[in-house]
Amino acid sequence: DCLPGWSSHEGHCYKVFNEYKTWKDAEKFCKKQGKSGHLVSVESSEEGDFVAKLISENLEKSHSIDFVWTGLTYKGRWKQCSSEWSDGSKIKYQKWGKQQPRKCLGLEKQTEFRKWVNLYCEEPQRFTCEI
């Protein structure tokens, strides 16, 4: 069972937050939402579709190009992708968009929140938590 305002999928609970935070602050915020709380990790095509629909339905409209943080970051000075999501789960599914030299990953509105894009970690974005 999920808390009020959260959506359930495959034993996890998800919520889209319309406030803007850096990747690090969004991850800290998600950790405070509940036991095992983290930025969303997309571990299958089905989960990706669920998350994309949830974001599309719950993200407040804006006139800017919208991105939503995921729990994936690059680690190390060569910007190699980390081998796990911020919640510690392994990467079993990938859906990359155009790659650029940025270290934090988000979902892009132009792809209906289905493709992953590299973003600057310090640039505030909206985000989705998973618990």
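Cβ from N, Cα, C; glycine included.
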Cys129: disulphide-linked cysteine among Cys30, Cys81, Cys104 [source: Swiss-Prot]: Cys30
Partner cysteine of Cys2 (disulphide bond, per Swiss-Prot) from Cys13, Cys81: Cys13
Neighbour tally for Glu47 (Ca(2+) binding site), based on other Cβ positions within 10 Å of its Cβ: 18
Candidate binding-site residues Ser41, Glu43, Glu47, pick with smallest Cα gap to Cys129 (disulfide bond): Ser41
Pairwise CA distance, Cys13 (disulfide bond) versus Glu47 (Ca(2+) binding site), rounded so that it is a whole Å: 12
Integer Cα-Cα distance in angstrom, Glu43 (Ca(2+) binding site) to Cys30 (disulfide bond): 18
From binding-site residues Ser41, Glu47, Glu130, the one whose Cα lies nearest Cys121 (disulfide bond): Ser41
